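All remarks here apply to the structure that follows.
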Amino acid sequence: PVLLLSPSRLSVVGPSGGGPQTYMEQENDWDRDLLLDPAWEKQQRKTFTAWCNSHLRKAGTQIENIEEDFRDGLKLMLLLEVISGERLPKPERGKMRVHKINNVNKALDFIASKGVKLVSIGAEEIVDGNAKMTLGMIWTIILRFAIQDISVEETSAKEGLLLWCQRKTAPYKNVNVQNFHISWKDGLAFNALIHRHRPDLIDYDSLRKDDPVTNLNNAFEVAEKHLDIPKMLDAEDIVNTARPDEKAIMTYVSSFYHAFSGAQKAETAANRICKVLAVNQENEQMMEDYEKLASDLLEWIRRTIPWLQNRTQEKTVNDMQAKQEDFRDYRCVHKPPKVQEKCQLEISFNTLQTKLRLSNRPAFMPSEGRMVSNINGAWHTLEGAEKGYEEWILSEIRRLERLEHLAEKFHQKAAIHEAWTDGKEAMLTQKEPDTTTLSEIKALLRKHEAFESDLAAHQDRVEQIAAIAQELNELDYYDSANVNARCQKICDQWNVLGALTQSRKESLKNKEKQLESIDELYLEYAKRAAPFNNWMESAMEDLQDMFIVHNIEEIQGLIAAHEQFKATLTEANEERKAIQAIQANVPKIAQSNNITLTGSNPYTTITSENIDEKWAKVFELVPRRDTALQDELNKQNSNDELRAKFASQANKVGAYIKAKMEEIGRISIEMNGTLEDQLTNLKDYQDSIVSYTPEINTLEGYHQLIQEALVFDNKYTPYTMEHLRVSWEQLLTTIARTINEVENQILTRDAKGISQEQLYEYRTSFNHFDKVRASEPSRLDFGVPFVSVNPVLFGCQGDAEFGRIMSIVDPNGTGAVTFQAFIDFMSRETTDTDTADQVIASFKILAGDKNFITAEELRRELPPDQAEYCIARMAPYTGPDAVAGALDYMSFSTALYGESDL
């Protein structure tokens, strides 16, 4: 394979003196060390020779061999004089090599003086007949004098020429110009260019895509005969090459461009109209998009706020946690896209207003209720409802958790009490037989005294049950009715037991006067065993009692209380041994006194075995309680670690957001370089900030763990998740707004034709007199920069003129000027902009100086979509010279600058 070589690497200094700029793309660079494709070299030789001769013939000469005939530099200098219209230094007529080199150097110096920086092309190579370097030099000349000045819309040189070809051939079937090689192989594009400008010379409908040689020859012959464009290529050169030489085709096509340059006046008018219509169409679309996006966002807020304001209470913690999960899903899934939509809405609104100002259109006023301020107000209401909803969920979870704990505790204590009272009424109402002995009566009396002691010990539990029921009522427990009913039953039964106990005591006391024998040892055992038994039951109850804590201090308090309880076990064990000793003394005393025991202790049902069993149970429950308290301590330590993790991440994220907010404030003031550089840097900066999102997500993960653990306070950080979310969204919005401001400045610069140097001068002057850099936009000290930027335009005007200027840039009379208003005014005063009169003049050119235009003329001169846009909106023309189908372009043009919704 061989490589095609392109012209030498070079750059051009534009004729405006604006500094070096890249003239050709890298793919067009020449490399002197590579080989030249023979087929392309042949095409370049033929095309470049024909192009040179088309100009040299004006001086009465021509060339035959491109690398030989330019070696002495004479015809090269002549060619440059013809195409430039300028005189070059007098050539040297000597035949020596040095004379030839001097002549070629004069030609090369002239080329360089036109802003072309020649690289790798030297006079010696041209004098030596180096074909590659000679072709490269001629291509450089063609670029500079035939292609560089081509300008279509906002493109120039190669891109402008390509756009011109695309515009001209767009209506033709089988033509799709995308480049300067393959798109021209079938010859239809050449014929379409001719037919577009001279339809009398070409019968385009008779051409066939499958006959490229005929098509090419037809176009080349017609161009040479009728358009004075010399034949620069043979049809076979193009058809028999897989990829025709791009430079040869560009050179040939540029000749067509210059041949038809007389038609450019109408095209320029069409371009102006297209530009104005495109702006109007784009603005209308942006208005529709804003209205729809604003409506959708407001509708979403309207649907969401009632959901956040719903305070319907649930019955269980699980139900409330389900609501909490729904809220977290809303926060992490549904809301973030809406935050982006809100930010995009503000950016779209600002961009639209800027574009309307730049195109002299009235400002956009959204329909009622869809202003940015309306959206901000609705958003503020949404966030307020959101904050209140989250606080309500957390408080409800705590309330329901407390209720479930109390309800469980109530039913546990009630069950223990009901088990104790079972059968007590029957015991208190039983009647003693008449044959009861005195000892039996005394035993019954002592037993009853022990029962009274037991009854008094249970008074505390009954009071606890009633207190818990009362608290459940106050906290609005959903099953309060059943709790109250059970509590009332227990209280009523307790009152009955009290009355029965008193009645039985009185009965036994009456009989006590008759029966005086009693076993003191049984009685003493019963008196001491009953309280000890009750103490053990209470201890077991406490050891099995449920507990709930929220921090380390609370669990440490429970652990301390438990340790105090364990410290009493030694003393309690001594009491147990003393009680057991009393019981052990009973058979000894009975035996010593020849007393026959007939059964168990008549005064109590509590046996030594019962005490030992319960004492063993207490010792079994103590380590369980130790484990439960230690597990809870571990849980609280874990919660404290969660607090510390969240706090560490929150403090880091908070400091990062604060630093970035201060940094973006400085960046927005101190930005240097071109606006494109600033925009690139800002977007890179935005990407770096967005890349911090995983840190935010990590923090959200910690926050979720804390909420799932029901942790409600954090002493390690002043930050809350809500505060950091709002700050993060504010940071993202601020950088997006800063980027949008630079984009709007680019729109202003491009639309007004402001150079980079002018924009820099405006910004420097504005910043010098800038007095306020707080949360509001940059503001300018009253009027001074206008004089500093342009003393001729503003410095010598009177008070009346200065008042006129300030009424434009400061319509509200605040005494301050924003930067956007400043550059809008400066560009409007110093640059040319499209006006209604200019658009009317452009339509008049397309209409052939008529006061109306027809649909056929619009479709011929404008792109299809813009032509139909005008036809649909233009009113019929009713003037005295009207014809069928006449349209009124004057009122249409005026409406473009008066009403934005045509």
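Each Cβ is built from the backbone N, Cα and C atoms, and glycine gets one as well.
Nobody curates TrEMBL annotations by hand; they come from automatic prediction.
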Given ranges 126-160, 266-300, 441-475, the stretch to which TrEMBL attaches the annotation coiled coil: 441-475
Segment-level pLDDT (mean, integer) for the domain 'Calponin-homology (CH)' (42-146): 90
Composition by DSSP (helix, strand, coil) of residues within the domain 'Calponin-homology (CH)' (42-146): 71 helix, 2 strand, 32 coil
Structural state census, the domain 'Calponin-homology (CH)' (155-261) (DSSP three-state): 64 helix, 2 strand, 41 coil
